[in-house]
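Peer 1: The annotation active site, pros-phosphohistidine intermediate is assigned in TrEMBL to H134. The ATP binding site feature in TrEMBL is assigned to K28, F76, R104, T110, R121, N131. The domain 'Nucleoside diphosphate kinase-like' feature in TrEMBL is assigned to 20-157. Annotated signal peptide per TrEMBL: 1-17, in sequence order.
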Amino acid sequence: MIATILSIFSLFSSAMAAARERSFIMIKPDGVQRGLVGEIIKRFEQKGFKLVGLKFVWPTEDLLKKHYADLSDKPFFPALVKYMASGPVVPMVWEGLNVVKTGRVMLGATNPADSAPGTIRGDLCIQMGRNICHGSDSVESAKKEINLWFTEKEVVGWAPANDCWVYED
Ligand code: DAT
Ligand code: MG
């Protein structure tokens with residue numbers, strides 16, 4: 001009996017832990033300039049993901065170089081940093097079950113020319129160097145990116161009233 005209760009509890013708690021996965025999603029300067037902030041937020045909100053962090057900032061090149069450190073040896077790196085520093089961006093933290101992987105699916109391929117219709121990049125942009133939105137590519141990089149862009153206090157845990165209509169018990 002106790003074992004059953006414990007195993008149900010552990011199933012429940014692991015499902016709840018999985019539902020607390022977080023991804024760093026950022027609307028890039030072109031997304032802001034083109035008035036796509038609401039459209040991109042709408043897609044994550046309507047999917048059922050939970051917004052737990054959001055800000056509006058004009059990022060420094062220094063911050064962007066850290067954000068894209070893995071790409072620093074690529075030939076397109078200087079242009080990437082210049083584009084990303086060209087105006088304000090909307091960094092966000094979204095939470096939910098498999099949000100990192102699903103967030104990438106919702107974004108579409110890096111090159112909008114290869115992004116399927118129905119995806120953010122597939123529907124809303126044309127070129128790789130103006131692909132309007134960033135999304136973490138792994139849970140590990142999401143953690144790094146969230147720590148880079150947000151302080152602990154700026155990420156806010158809360159319980160949406162409709163949780164039980166988004167997730168099974
Ligand atoms: P993603 O943004 O899909 O995670 P990435 O991390 O490989 O892609 O690259 C970061 C950004 O750099 C990407 O959104 C657009 C730009 N980029 C990537 N590959 C590029 C290339 N071959 N030429 C020009 N820009 C590129
Ligand atoms: Mg990437």
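Even glycines carry a Cβ here, placed using N, Cα and C.
Heads up, TrEMBL stuff is auto-annotated, nobody curated it.
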Peer 1: Here the recorded positions are R104, R121, H134; which one has the lowest number of other Cβ atoms no more than 10 Å from its Cβ?
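Peer 2: The recorded positions R104, R121, H134 were compared, and R104 has the fewest Cβ atoms within 10 Å.
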Peer 1: Quick one: among the binding-site residues T110, N131, which has the most Cβ atoms sitting within 10 Å of its own Cβ?
Peer 2: N131
Peer 1: Roughly how many Å separate the Cα of F76 (ATP binding site) from that of the residue listed as 'active site, pros-phosphohistidine intermediate', to the nearest whole number?
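Peer 2: With the alpha carbons as reference points, the distance is 16 Å.
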Peer 1: Other Cβ atoms within 10 Å is the metric here; tell me which of the binding-site residues K28, F76 scores highest.
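Peer 2: Top count of Cβ atoms within 10 Å goes to K28.
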Peer 1: Enumerate in sequence order the binding-site residues K28, F76, R104, T110, N131 whose Cβ-atom distance to ligand 1 is under 6 angstroms.
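Peer 2: Only F76, T110, N131 qualify.
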Peer 1: What does the DSSP secondary structure composition of the domain 'Nucleoside diphosphate kinase-like' (20-157) look like, as residue counts for helix, strand and coil?
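Peer 2: Residue counts for the domain 'Nucleoside diphosphate kinase-like' (20-157) by secondary structure: 68 helix, 22 strand, 48 coil.
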Peer 1: Whole-number Å distance between the CA of T110 (ATP binding site) and the CA of the residue listed as 'active site, pros-phosphohistidine intermediate'?
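Peer 2: So the alpha carbons of T110 (ATP binding site) and the residue listed as 'active site, pros-phosphohistidine intermediate' sit roughly 9 Å from each other.
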Peer 1: Greatest CA-CA distance (Å) over the residues K28, F76, R104, T110, R121, N131 that the record ties to ATP?
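Peer 2: Maximum Cα-Cα distance: 21 Å.
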